[in-house]
Amino acid sequence: MSNLSTPERGVAAPSAAARASLLVTIICWGMVVIEGYDLISFGSVLPVLLRDPGSGFTPQNAGLVGATAFIGATVGALSSGWLSDRIGRRPVAIGSLVWFSVFTFLCGFADGPATLGLLRLLAGIGIGAIVPSTSALTLEYAVPEHRTLSYTLMLSGVPIGGVLAAVSGMTVIPSLGWNWVFFVAVVPAVLILPIVLWKLPESITFLEHRGRLARADVLRERFGLPRPASPPAADDGSPTPGIFSPDYRRASALFAVASFFGLLTWFGLGTWIPGIMRHMGYDLGSALRFLLILNIGAIIGSIFIALATDRWGSKKVVVGTYLCLAVVLTVLLIKLPQPPLLVAMALAGVGGHGGQILINRYVGRSYPAATRARALGWSLGAGRIGTILGPIVIGLIVADGRASLGFLFFAGCAAAAAVTLLAVPRTPAASRDEE
């Protein structure tokens, strides 16, 4: 029986390899869409809960409940890199999807802030673990010349999930109640899970380090990836240069700080935009519409940011993105007419989500493949501490009757992210086009 190899052994026909690569990106994108919905779903139901005297929610405890998902996400992100290095990227991605989908569904049965907070905490563990593993798989299997675009498209699933959460809030809540925003979250997970189990491959780097070279060779041929010049050694337990080795220590610390401010800004906006706008005098439909526009801006803008990165490099674009975001968020302090307000909200989505994509991409290109998942897990995990503090701080600001000042707080965080990223050094694994 003839095999399917091309004249250069181990490299598949370009069209077949491109299709296989695209399928991995689409699968990871689908998983991240569900993650984005589950993460933003609380922001969709928050205005209703705050307006219902019988719900037990106040701005103060709503901030704490909003933070619980991010506490869980911090645990998930920090543990995902370690776990991925031991059992593989694929099992972590699949397990995370099942985990957070089940607990988000159970949120619909919550009878008060304490119960909802506990369930959001548990869901957050899976939410935090899925992005590092899907990021590592997307970067590893992407066609090299389209790696940035593939990664950006994959992470566009987060704001697309946010759009679906906002639409769900606008359509489901009036007819069925807030509980159903959580109940419907399990449907896409059930639909995509068989495809994930069937088609999502394991990391080639992981397989090679575990000595499963035959399986790694099959995947290299399917995806058109060349074999290394010398056969990789199986993992014998000896330490490899880590993310805190001398060459990477400073970059790892600064990436964590930048992710702290970046994630605080993006997910703080996603959690509190409806609540802030309600306290500024807008009705529920308008408040949820701002959340919708924020996420639509994130989807469209992330594509243009990816193209700009391919031309000018990660560092210049990500610093410029966060500086522009700081300006836009400061403008939102002004009571604008509806059209320019919607434009500003869309631009905030472009900068908030696009900036975090660029940080993740910058991290992914600054470390070797063997430690990429660990580096992303560290950066996102440390950064998610910001997502814990953000909802709490904004909750206190809203409770004090100064909701619009939340935009000034977010603007300061965006500026801090820009300054931090300026200080990131070029690592041995980074190509010069990252600068």
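Every residue, even glycine, has its Cβ placed from backbone N, Cα and C.
Remember, predicted model here, so these are calculated numbers, not experimental data.
Pulled from TrEMBL, these are the features on record:
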- 20-42: transmembrane segment (TRANSMEM)
- 24-428: domain 'Major facilitator superfamily (MFS) profile' (DOMAIN)
- 62-83: transmembrane segment (TRANSMEM)
- 92-112: transmembrane segment (TRANSMEM)
- 118-139: transmembrane segment (TRANSMEM)
- 151-174: transmembrane segment (TRANSMEM)
- 180-200: transmembrane segment (TRANSMEM)
- 253-275: transmembrane segment (TRANSMEM)
- 287-308: transmembrane segment (TRANSMEM)
- 317-336: transmembrane segment (TRANSMEM)
- 342-363: transmembrane segment (TRANSMEM)
- 375-399: transmembrane segment (TRANSMEM)
- 405-424: transmembrane segment (TRANSMEM)
Task: Stretch-level contact, the transmembrane segment (180-200) and the transmembrane segment (342-363), CB cutoff 8 A, at least 3 pairs - done: no
Task: Segment proximity, the transmembrane segment (405-424) to the transmembrane segment (287-308), 3 or more C-beta pairs under 8 Å - done: no
Task: For the domain 'Major facilitator superfamily (MFS) profile' (24-428), mean pLDDT (0 to 100) - done: 86
- [ ] Report the listed stretch (20-42, 118-139, 151-174, 253-275, 317-336) having the maximum count of Cβ pairs within less than 8 Å of the transmembrane segment (375-399).
- [x] 253-275
Task: Long-range environment of the transmembrane segment (151-174) - Cβ separation under 8 angstroms, sequence gap at least 6 - done: 25, 28-41, 43-45, 48, 131, 134-135, 138-139, 142, 180-181, 184, 270, 274, 285, 288-289, 291-292, 294-296, 298-299, 302-303, 305-306, 349, 353, 357, 360-361, 364
Open item on the list: Can you tell me which recorded stretch out of 118-139, 317-336, 405-424 has the most Cβ pairs within less than 8 Å of the transmembrane segment (253-275)?
Closed with: 405-424
